[in-house]
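Per Swiss-Prot, the features are as follows:
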DOMAIN    8-357  domain 'DhaK'
BINDING   53, 54, 55, 56, 105, 110  substrate binding site
ACT_SITE  234  active site, tele-hemiaminal-histidine intermediate
DOMAIN    392-599  domain 'DhaL'
BINDING   421, 422, 423, 424, 467, 468, 523, 524, 584, 585, 586  ATP binding site
C-alpha cells in the first residue's frame, strides 16, 4: 500500500474543519479551539458533545448539525485527544438548560480530557455527564480487564440514536434518562474490523507524542499477502495476522463468528435471540472502495440470514468512522430490541442534515427481502434468414479466431496496463471464451449466416462490456443487418467472399456513426478499417489479414487521441522501444482474431 499523502502548508486538521464549515451552512468553527458547533442554539434540549483525535472523519465534526445529532465536536491532532481547554470551550459554546451529554470513545486520553472537562462544567454549576462508547469484540474479556472494550464504528450509531432522541423528545427527556438509555445502547453493540494494512499518517507541523491509542507497542507493516483482524483505529495491533488473504466470504464468516458466537465466552458480549431486531452497520475504514463496500454488505447480510437466522431491520453502509486511509472495513451489530426503547428505529430513521451520517434513507416501509425483479421481456423477433453458410467451416473459423485472441491475452493485458486501464486483454478473452462455450454447447445456428451473427452479438455484448464490447457488438450487428437486407432484396443466397466484403463495408460505415476514431487515431479501427478496405478491393483474405496486421503494428508509432491512452505520459511508452513501441491493445487483439480466422480458412478444404 502506498504510504504517500498530499503535503499541506497549513495545519491539515484546521483546514479540514474550515472546509467542512465552508460547505455546510448549519455549522460554525471556533478556530482557536478546533471546535465545530451547530449554528443554532437550542438551550431547550439536552446538548450532545463529542470528539477525539482527528483521522476518523467524518466522525466527529461531520456529525454536527441543527436537527438531531451532535451539537458540537472537538478535534485533536491526528490520533491525539483534544485538550480539556478545547473541550470545555465546546461545552460553554453550546449551553443547555437541560444539561450536556459528552460522548467519548473508550480510550484513556479521551476519557481523562473529556472527563476533566465534565468535572469543570459541574464545578461551575452546569449539568454534564460522560458516556463512554465501547463496542470492540476483538480483545476478549480476559485481556481487556478493567480497561474495557475499545470504541469503534458503533460510536456512529450512538451519536445518531442519542442525538435524535434528545431532539425529538426534548420536552420530556432528562439528562439522566438519556445517559441510562445510552448505556443500554452501548451495552448492546458489537464491532469487529479487518484490514489489509496499517494506516499511514500524514506529515504534520504539530506532532504530539501521545495519541488516543492505549497501545504501548509499535506495529509492523503487513506483508503483501497478509491481513489482520481486530486492528484498532489508531494503528493498534489486532488479534490475528494471517496469510494468504482469504476471500471476503471466508473473512466475513470468521468476523461474524467473533461477533455472534455463543460458545466463545471471552467475546460473547451481546446476546442475540431469535426475534430480536438487529441493526447492521458496514463501515469503511478509509481506503475501501464503494464498489467493494456494498459487495461486503451483501455477503454479510446473506451469511447473517443463512448461518444465524438474523435479518437486519436496518442496514447502514458507508464511511462513518475511519482510520485515515485504512484499507479495511468493520462490521457493527446493534441489538435494538434489548435497548428497551420501542422508538429506537425512529431515532435511526430521523432525517438529519449532518454530512457525516451518509444514509439518506428515512423511510423503510417499502423494504422487501426479495429485491430481485425479472428483466422486462424484449421481443427481438425472428432473426432467421435464408443466408446459408457451411457450418463446419464457420465453426472452424470462429474457433481458430478466438483461440488466437486468447493466446495473445497476456501481451494485450501488458500493453493495456500502460496504455489503458488494463482490462482490454481480459475483456477480449471473456468474449472469446464465451464464443467457445457457445460453440461447444451447440448454441449457435451456424447454418444461418444472419441468425448466427445476431447470436454472437448477444454473446459479445453480454460477455465483454466496455468500449471494446460496444464496438464489436455494433459492428457484428451491422454486419448481420447488411446480410439480411441483401436477402430481402435479392432472395436466398449462400455466403461468398464477395457478399461478405460488401457487408463488411456497410458494417464499418454503421460503426463510424458511433465513433469518431479513424485509421491513425491509435484504436482498433487501425486494424479494422485497413482490413475491410483491402478485402473490399481484392477479395483476398491473405492480403486483408496483412493489412490488419500492418495497421495494428503501425499504432506503435502513433500518438493516442482516444480513450485512456491519450492521457498517458510519454515516458510510460519507453519500456517498449525494443519492440518498436507500444501498440494499441485493441488493434493487436483484432488483428489476432483476423489472423486466426485466416489461418483456419486456408487450412480448410472448403472455401467460400
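Backbone N, Cα and C atoms are what each Cβ position is placed from, and that goes for glycine too.
Sequence features, as recorded in Swiss-Prot, placed on the structure.
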| residue | record | contacts (Cβ under 8 Å, 6+ apart) |
| --- | --- | --- |
| 54 | substrate binding site | 12, 13, 16, 75, 76, 77, 78, 79, 80 |
| 55 | substrate binding site | 78, 79, 199, 201, 233, 234, 322, 323, 324 |
| 56 | substrate binding site | 233, 321, 322, 323 |
| 586 | ATP binding site | 424, 467, 468, 471, 523, 524 |
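Proximity to residue 423 (ATP binding site), defined by a C-alpha to C-alpha distance within 10 angstroms, is shown by none of the binding-site residues 53, 105, 110. Around residue 523 (ATP binding site), taking its Cβ as the centre, 29 other Cβ atoms fall within 10 Å, counting all chains. Restricting the average to the domain 'DhaL' (392-599) gives a pLDDT of 92. Residue 53 (substrate binding site) sits 38 Å from residue 421 (ATP binding site), taking the C-alpha atoms as the reference points. The Cβ of 421 has fewer other Cβ atoms within 10 Å than any other of the binding-site residues 110, 421.
Within 10 Å of the C-beta of residue 53 (substrate binding site) there are 26 other C-beta atoms, taking all protein chains into account.
Between the C-alpha atoms of residue 584 (ATP binding site) and residue 105 (substrate binding site), the distance comes to 54 Å. According to DSSP, residue 54 (substrate binding site) is assigned to a strand segment. Most Cβ neighbours within 10 Å among the binding-site residues 423, 584: this distinction goes to 584. Cα of residue 105 (substrate binding site) to Cα of residue 421 (ATP binding site): a distance of 42 Å.
Local packing around the Cβ, expressed as the count of other Cβ atoms within 10 angstroms, is greatest for 105 among the recorded positions 105, 234. A gap of 45 Å separates the Cα atoms of residue 421 (ATP binding site) and residue 110 (substrate binding site).
Classification of residue 423 (ATP binding site) by DSSP places it in coil, neither helical nor stranded. Of the residues the record lists as binding ATP, namely 421, 422, 423, 424, 467, 468, 523, 524, 584, 585, 586, the two whose Cα atoms sit farthest apart are 16 Å from each other. Binding of substrate is attributed in the record to 53, 54, 55, 56, 105, 110, and the widest Cα separation among these residues amounts to 14 Å. The Cβ of residue 467 (ATP binding site) has 20 neighbouring Cβ atoms from other residues within 10 Å, across all protein chains displayed. Under the three-state DSSP scheme, residue 523 (ATP binding site) falls in the coil class.
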